[in-house]
């Protein structure tokens, strides 16, 4: 009995119709593929948790007006250490938040798909903290900093550099997308001027924090450069497969 006749007999015994038998055969072919030829499914979860955290803090701050949320803002005159982290999850108003979330989703998803969940969180935290730290060092003492704009520029830089090549189409794509990102993030930052002068001690909200944007992007460049200096090692599975191939050739 041939292989095809055996498969047809097997489908009859299972009681599968034409459509079900076709899907069954496809699934059997998929199972028969070698593991290295199957495309691994990457689950993207980290960026959604970052977005939900930003939205949750905004709702608690502006809708429910929970006491203590504004202590998470970065007050430059006397900052607490945790404010360099928490300020990147706070936003001045809805326009400020929605624009940042849009770009966070785009570039955060790219970073997570390319580098993984942990790399996304690490990139978001380090670029945001770096942007807030440089802003605190340079801007006046009566400034208040909020927003994820520094982290957005950092994630944008990382997502570009990890896929960068000297293909002119890639370079053109980066230039077009880059100027669009800068323009929209600047608009979101300008929308935060409505809260100027409403903070304790006469502190004022920094309307357009160019220092945070630039420093966040620079921190992203440094992160990619540092990671490029780390020697990459093949996974254990690849090492074992290579050893097996060598053994077979011997």
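Cβ atoms here come from the backbone N, Cα and C positions, even for glycine.
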### Summary
Which range of 13-33, 118-138 is transmembrane segment in TrEMBL? It is 118-138
### Query
With the ranges 80-106, 188-214 to choose from, which does TrEMBL describe as transmembrane segment?
80-106
## Note on the structure
Across 43-60, 80-106, 118-138, the most C-beta pairs under 8 Å with the transmembrane segment (144-162) come from 118-138
### Query
Apart from its near flanks, which chain residues at least 6 from the ends of the transmembrane segment (43-60) lie with a Cβ under 8 angstroms of it?
66, 69, 72, 89-91, 94, 97, 100-101, 104-105, 108-109, 112-113, 117, 120-121, 124, 148
### Message
Using a Cβ cut-off under 8 Å, which residues of the same chain at least 6 positions beyond either end of the transmembrane segment (118-138) come close to it?
### Response
46-47, 50, 74, 76, 79, 83-85, 87-88, 108, 111-112, 145, 148-151, 153-155, 158, 206, 209, 211-213, 215-216, 218-220, 223
